[in-house]
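**Q** Before anything else, here's the structure in question.
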Amino acid sequence: MILGNLSGVSEFRLLGFSEISHLHPLLFVVLLSLYILTLVANTVIAFIINSDSTLHTPMYFFLTQLSCLDICYLSVIIPTILENLVVGTVSISKTRCAMQMFFFLFFGVAECFLLAAMSLDRYFAICYPLHYTIIMNSRVCRSLVAGTYVCGTAVGLVHTLITFSSPFCGSAINHFFCEIQPFLDLLCGNTFPHEIQVIVVAVLAILSPFLLVIYSYIRIISTILQMASAESQRKAFSTCSSHLLVVTLFYGTAGSMYLRPKYSYCASVDKFLSLSYSVVTPLLNPVIYSLRNKEVKGALRKKWRKINSLW
């Protein structure tokens, strides 16, 4: 840690996985493979949904948005991680670091609210099936998606502007990208107000949509249990299980990262948590939705047969 006020610092050093440098080649291959798989899987999902008219429904509209967010979300940090694994400690300019923090928060928070919007969609589809097409019309769907991007922009700007307008007493970031939590160690003086800022915003951006998801699923499960037919119950649970699994993975890891005080911060543990919600979850999303969804699998098979017929 460099002592003294470094508020005029022009660049930071990302230490990355310096403690396990002997594993860098293996990590590089694994993360590059995951990145390529994630790009391909999410691109295929988005392409299939857009090209198949039977999938032009609110649920799949939101799924397309989720795939696009996951691609952008992952692309913000993976290039930096790969660079770190190749060259070791990475020097990153203050401007690039601020942009990385903003876009990471922007896409991450937008995904939090998008998952909440998807739970609302399932809530109206199951609890109000006769009014579903009226309630979840195209205008409402577009407004919900626009709202997720507005929330992401607001949180990203607030966090980034406050963080980078503060004086720094260090330039070495013990992380693989410009994450918020490691930055608290670089700030001069009392960091308690910044810790409160992180927790308050996390409550608004992570806990609030998560509580909306919980409320939606309480109502959904209550409605499903009142269905007379066991087959109807099975189908209803099937349409919700994929989304619920994605929600658990994303909110669980993100919440454990941000909804806690600075003194519980552990660099090695938090690097693992960051990898979980920023690298693993975007790959699992298309896998979960495609492998557990008959309509998506049917559209994939139909598209594959069409491609084969051309040959």
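Glycine is no exception: its Cβ is also placed from the backbone N, Cα and C atoms.
TrEMBL lists these features:
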DOMAIN    41-289  domain 'G-protein coupled receptors family 1 profile'
TRANSMEM  26-48  transmembrane segment
TRANSMEM  60-82  transmembrane segment
TRANSMEM  102-120  transmembrane segment
TRANSMEM  140-162  transmembrane segment
TRANSMEM  196-218  transmembrane segment
TRANSMEM  239-260  transmembrane segment
TRANSMEM  272-291  transmembrane segment
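How buried are these features, and what lies next to them?
**A** Using a Cβ-Cβ cut-off under 8 Å and counting only residues 6 or more beyond its ends in the same chain, the transmembrane segment (60-82) has close neighbours at 14, 16, 28, 31-32, 35, 38-39, 42-43, 45-46, 49-50, 90, 92, 100, 103-104, 107-108, 110-111, 114-115, 117-118, 121, 141, 144-145, 148, 176-177, 278-279, 281-282, 285-286, 289, 295-296.
Same-chain residues lying 6+ beyond the ends of the transmembrane segment (102-120) with a Cβ under 8 Å from its Cβ atoms: 59, 62-63, 65-66, 69-70, 72-73, 76-77, 144-145, 147-149, 151-153, 155-157, 159-160, 177-180, 205-206, 209-210, 212-213, 216-217, 243, 246-247, 250-251, 254, 277-278.
Outside the transmembrane segment (140-162) by six or more residues, the chain places 58, 61-62, 65, 98, 101-111, 113-114, 117, 120-121, 180, 194, 197-198, 201, 204-205 with a CB less than 8 A from a CB of the stretch.
Beyond the transmembrane segment (196-218), the same-chain residues lying 6 or more positions past its ends with a Cβ under 8 Å from any Cβ of the stretch are 109, 112-113, 115-116, 119-120, 122-123, 151, 155, 158-159, 162, 180-181, 184, 240, 244, 247, 251, 254-255, 258-261.
The list of residues near the transmembrane segment (272-291) in space but at least 6 beyond its ends in sequence, with Cβ under 8 angstroms from a Cβ of it, reads 31, 34-35, 37-38, 41-42, 44-45, 63, 66-67, 70-71, 73-74, 77-78, 104, 108, 175-177, 179, 242, 245-246, 249-250, 253-254, 256-257, 297, 300.
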**Q** Do any residues of this chain, six or more beyond the ends of the transmembrane segment (239-260), have a C-beta under 8 angstroms from a C-beta of it, and if so which?
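**A** Same-chain contacts beyond the ends: 59, 108, 111-112, 115, 118-119, 122, 125-126, 180-181, 198-199, 202-203, 206-207, 210, 213, 217, 220, 270, 273-274, 276-277, 280-281, 284-285, 288-289, 292-293.
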